[in-house]
């Protein structure tokens, strides 16, 4: 692998791990020090690959000692290193964790999620291919990395450079230590050699992570066992008549207030019905516009690739617009769509939201090989590729009592329109490329490593008269990259 492709792969891994870190911070009983003490079995003040392996085996995450060793770029992995490994980059979330109560016991469910997070990091890092050489890196600073991309005439975003430095900065001083990086690359090379010896042709797929969402605890009032018994009082007939009159006037007043409340509720329902009708009309118009795009039948391969790429760019733009809506958050949206309260979203719920025939949204579920969307799957669908927008979306807190409200009560019409537009785009069956091996070898003309990377795709489109940025080309690769290694294999390309 070339050095720049290796760096972009590191940035992609960092984004995926950052989402998992932010998810951990939302668990109430999460505290990193208690997790560190759970892994540090011998109470030595540091953890090793062996203690990590024991901890992961305890929660059903099976990894070999060599696979766990990919995390340890230092001989002693202390608590400071563990914090950098577990905490998100967002300073607000870091402050929230630092001020949390350390005395509260960490639940078994929280430890299980931490084990899943560590297992995800092990899987991604063991799947990372090392670069051929590190000679192009001069000092490992931000300016050095930017110069490398400029020399190759490749565009790179600032958030991608931040992710590269975050992943390869082992000391946490804002730059890459080249000696530690070389040692770490040697470990990666050893891992690949051992894999090649065991299996000549092995395909590695990242396991699907399902996240169990705990339903909100509903508190119900206890009904009193004792009944209110009326007290017997000696009352004169005049006072009795006055009391009866007062009771009758109170009843009339209560009846009138109840009437007014009922009338107000009826008026609110009428308004909601009118707004829903307007939304349905807008959704139908949006659907027509989206369906018009799908009717286009390009002929040449580069036209089909251009069409697919433009579709992924449009999906990314809608995701970014949705993330910028201040009232929108993924947890409230998940609970609102989970009508039956079963902890997952089915095909029927998506069809009712989009006001369409049953089964039209099956393509959304086909990418997860399931007929139900967990919260982790739903977050994956709504998560923008850009780190800045993803951070805005993930750090937004859910509203109080949001799990008991409808989607029209939670979000504005603009937000609901964007959500519907995104799901409508995602449910479309994409145009097939019907590619062959000759087209694959033609696109794989720069690296010639039997994989289609970002630079290969950019060069092919550039020769066809189309210019796309590194970020835009990566959107298309990410959409069809099943094993999430940042490039397209021959089988993945033929499935397009």
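The backbone N, Cα and C atoms fix where each Cβ goes, glycine too.
Note that TrEMBL annotation is computational and uncurated.
Copied from TrEMBL, the annotated features are:
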- 156-191: domain 'EF-hand' (DOMAIN)
- 245-272: coiled coil (COILED)
- 468-496: domain 'EF-hand' (DOMAIN)
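Summarised by DSSP class, the composition of the domain 'EF-hand' (468-496) is 16 helix, 1 strand, 12 coil. Confidence in the coiled coil (245-272), given as mean pLDDT, stands at 69.
Sorting the domain 'EF-hand' (156-191) by DSSP state (H, G, I as helix; E, B as strand; all else coil) yields 25 helix, 0 strand, 11 coil.
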